[in-house]
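Participant: What TrEMBL records for this protein is below:
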- 59, 61, 62, 66, 301, 333, 401, 402: Na(+) binding site (BINDING)
- 23-32: compositional bias 'Basic and acidic residues' (COMPBIAS)
- 658-682: compositional bias 'Polar residues' (COMPBIAS)
- 164-173: disulfide bond (DISULFID)
- 1-38: region 'Disordered' (REGION)
- 658-689: region 'Disordered' (REGION)
- 51-70: transmembrane segment (TRANSMEM)
- 82-104: transmembrane segment (TRANSMEM)
- 125-152: transmembrane segment (TRANSMEM)
- 218-239: transmembrane segment (TRANSMEM)
- 251-274: transmembrane segment (TRANSMEM)
- 294-315: transmembrane segment (TRANSMEM)
- 327-351: transmembrane segment (TRANSMEM)
- 386-407: transmembrane segment (TRANSMEM)
- 427-446: transmembrane segment (TRANSMEM)
- 458-482: transmembrane segment (TRANSMEM)
- 503-520: transmembrane segment (TRANSMEM)
- 540-562: transmembrane segment (TRANSMEM)
């Protein structure tokens with residue numbers, strides 16, 4: 001650890017002596033100093049129900065990838081055998097990162113940008129998270145737009161994707177039930193299903209490529225307006241409104257999946273499909289690609305580095321049992337993936353049986369599964385309209401939940417960064433952001449929009465998420481300090497996490513994330529869509545999407561160093577990797593407990609940053625005979641820096657919530673601080689999670 005070399009016994013810093021008269025006389029100053037902070041706390045929202053946070057996290061983590069990617073990966077990577085590496089990576093990567101992000105989000109009650117007061121040099125990580133969420137929000141709502149289109153189409157007298165002979169169909173269309181897609185000539189590309197043609201020629205009206213972008217699809221434009229209007233209605237009042245909506249949107253998919261599974265199991269051929277899905281092929285575990293796919297799927301499905309977990313956790317009460325929630329949500333997410341696979345493959349088995357095609361010719365992943373294969377299967381069921389509407393309502397609620405998390409990440413990030421200007425205008429700001437994202441998404445409802453959407457999806461989060469997550473984990477473990485972080489968690493939940501999490505965060509999890517990043521880069525190929533070859537300029541644009549969320553990390557670091565006016569480059573860096581004086585719990589009572597829990601090195605960092613110095617320079621000042629610290633007032637500390645040449649003498653005001661409270665809590669012996677920490681948290685112990 002960067003700071004582990006600090007020796008408390010040799011040159012350690014104790015808080016300066018403050019007389020009892022000064023401590024007693026300033027109880028009123030404490031209230032005055034905390035007044036602005038208390039007012040800000042009142043204005044920041046919190047979850048209003050006990051399950052709001054858990055359901056919001058489940059809704060965010062359980063996304064379309066659980067439906068259209070995991071079942072295919074499981075089938076292609078050894079069936080039930082794939083669950084073994086999947087669960088391994090859940091334990092060494094998914095759970096530690098989920099616990100990490102929700103913990104420091106809840107601790108500071110801040111969104112992804114402002115929370116980096118814990119290490120200001122790396123504030124760019126927060127900007128990167130917000131940029132990724134902003135990009136994905138744009139095209140995720142396009143998927144919701146397509147879902148609306150199918151919902152409205154399912155309300156017609158006849159499902160339009162179930163028959164040929166429509167105005168958009170070609171002479172190659174077929175809707176025959178048995179072996180229809182295999183003509184006598186043996187040319188399997190000679191015909192298309194009615195479902196394929198509905199998707200290609202009615203929903204998208206797909207153009208030839210990016211070079212021929214085509215015109216605006218007005219029906220999709222109307223659905224896009226509706227999609228963003230619903231997002232606005234659900235989020236206009238922040239978590240007070242979305243926290244209620246998730247009770248429906250997070251639970252409804254499980255009801256629908258259960259109904260669809262029961263229906264699917266009654267279809268002919270269903271068990272054949274489930275057999276292909278779950279029967280283990282242990283020999284495939286010897287493949288490096290299977291392990292890489294399992295690690296990648298865990299990383300993307302749990303939702304790390306999007307900023308949404310930090311945002312959702314920031315609305316928790318300080319004492320919420322974040323450890324319990326961090327164990328529950330990823331496990332439910334993984335269960336959902338397996339459960340959804342049963343639903344999908346029971347229907348694909350039916351599809352194979354009804355068409356006479358082998359299962360490997362039927363199974364697919366991505367949008368094709370949701371908008372081509374599954375609708376075609378539904379069209380062959382009795383009361384097909386009911387099943388179609390039910391299925392697309394489920395897709396809508398799954399997409400909407402994920403959209404909540406990403407969009408709230410954007411709005412809360414800017415509101416927390418500029419609270420004085422934006423907090424009282426949240427509804428107006430939310431409307432503005434919805435309109436902005438809507439305008440950016442309009443090109444994707446053109447006839448060539450699918451090409452742009454595929455390009456953005458291919459590159460925007462292909463590797464940048466892993467770099468941000470890796471940096472985040474290393475900064476908290478090695479710079480902020482994993483031991484300090486575990487003390488912070490103990491302040492919240494009353495027990496110290498077991499050493500398992502310490503070693504995960506410091507060593508194992510960063511190594512796994514680095515492995516996932518390397519594997520993803522190795523697997524990354526030139527973007528494709530069917531047989532269309534993207535032009536070279538579009539590849540450059542795609543890498544622009546990929547890099548725009550990573551570039552803020554070095555840019556913000558350089559800007560922060562440049563804005564530091566005094567000290568050498570090393571001194572500036574050392575100062576900027578210290579937690580800011582304002583970092584800590586938002587509530588005054590929790591802030592006091594936090595300050596009481598600081599050890600000598602934490603005090604060194606806190607006093608150094610309040611004095612505008614790095615901790616090494618500050619420590620040197622304390623141990624040099626020509627330099628001393630004098631306390632004239634509990635709220636003002638004068639730092640005599642004359643002996644240090646170009647650095648000028650500086651006076652730093654210390655707020656009541658900062659240094660004066662710290663002096664009061666740690667003066668003399670640790671018994672006073674221990675009573676504050678333990679007395680405010682009944683039942684607190686050293687037992688391990």
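Using N, Cα and C of the backbone, Cβ positions are placed for all residues, glycine too.
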Participant: Relative to the transmembrane segment (218-239), which of 51-70, 327-351, 386-407 accounts for the most Cβ pairs at distances under 8 Å?
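Facilitator: That would be 386-407.
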Participant: In whole Å, how far does the CA atom of residue 333 (Na(+) binding site) lie from that of residue 173 (disulfide bond)?
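Facilitator: Residue 173 (disulfide bond) has its Cα 39 Å from the Cα of residue 333 (Na(+) binding site).
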Participant: Hey, which bits of the same chain come close to the transmembrane segment (503-520), Cβ under 8 Å, at least six residues off its ends?
Facilitator: 1, 89, 92-93, 96-97, 100, 292, 295-296, 299, 462-463, 466-467, 469-470, 473-474, 476-478, 482, 485
Participant: Relative to the transmembrane segment (458-482), which of 51-70, 82-104, 427-446, 540-562 accounts for the most Cβ pairs at distances under 8 Å?
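Facilitator: Per the Cβ count, the answer is 540-562.
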Participant: With CB pairs under 8 Å as the measure, which of the listed stretches 82-104, 125-152, 327-351, 386-407, 540-562 comes out on top against the transmembrane segment (427-446)?
Facilitator: 125-152
Participant: Under 8 Å Cβ-Cβ from residue 61 (Na(+) binding site), six or more apart in the same chain: what's there?
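Facilitator: Spatial neighbours, sequence-distant, of residue 61 (Na(+) binding site): 301, 302, 303, 329, 330, 332, 333.
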Participant: Which range out of 51-70, 125-152, 251-274, 294-315, 327-351 gives the transmembrane segment (82-104) the most CB pairs under 8 Å?
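Facilitator: Against the transmembrane segment (82-104), the leading stretch is 294-315.
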Participant: At the Cα level, what's the spacing in Å between residue 164 (disulfide bond) and residue 66 (Na(+) binding site), rounded?
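Facilitator: Taking the Cα atoms only, residue 164 (disulfide bond) lies 31 Å from residue 66 (Na(+) binding site).
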Participant: Near the transmembrane segment (294-315), which residues from the same chain, at least 6 beyond its ends, have a CB less than 8 A from one of its CBs?
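Facilitator: For the transmembrane segment (294-315), the sequence-distant neighbours (Cβ-Cβ under 8 Å, at least 6 residues beyond its ends) are 45-47, 52-53, 56-57, 60-61, 63, 65-66, 69-70, 73, 77, 82, 85-86, 88-90, 93-94, 97-98, 101-106, 108-112, 115, 126, 129-130, 132-133, 136, 239, 322, 330, 333-334, 337, 405-406, 408-409, 412-413, 461, 465-466, 468-469, 472, 512-513, 515-516, 519-520.
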Participant: In the same chain, who gets a Cβ under 8 Å from the transmembrane segment (51-70) while lying at least 6 residues past its ends?
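Facilitator: Long-range Cβ neighbours of the transmembrane segment (51-70): 102, 143, 239, 242-244, 246-247, 249-251, 253, 297, 300-303, 308-309, 312-313, 315-316, 320, 325, 328-330, 332-333, 336-338, 340-341, 344, 365-367, 369-370, 395, 398-399, 401-402, 404-406.
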Participant: Please identify, from the recorded positions 62, 164, the residue with the sparsest Cβ neighbourhood, meaning fewest other Cβ atoms within 10 angstroms.
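Facilitator: Ranked by other Cβ atoms within 10 Å, the recorded positions 62, 164 bottom out at 164.
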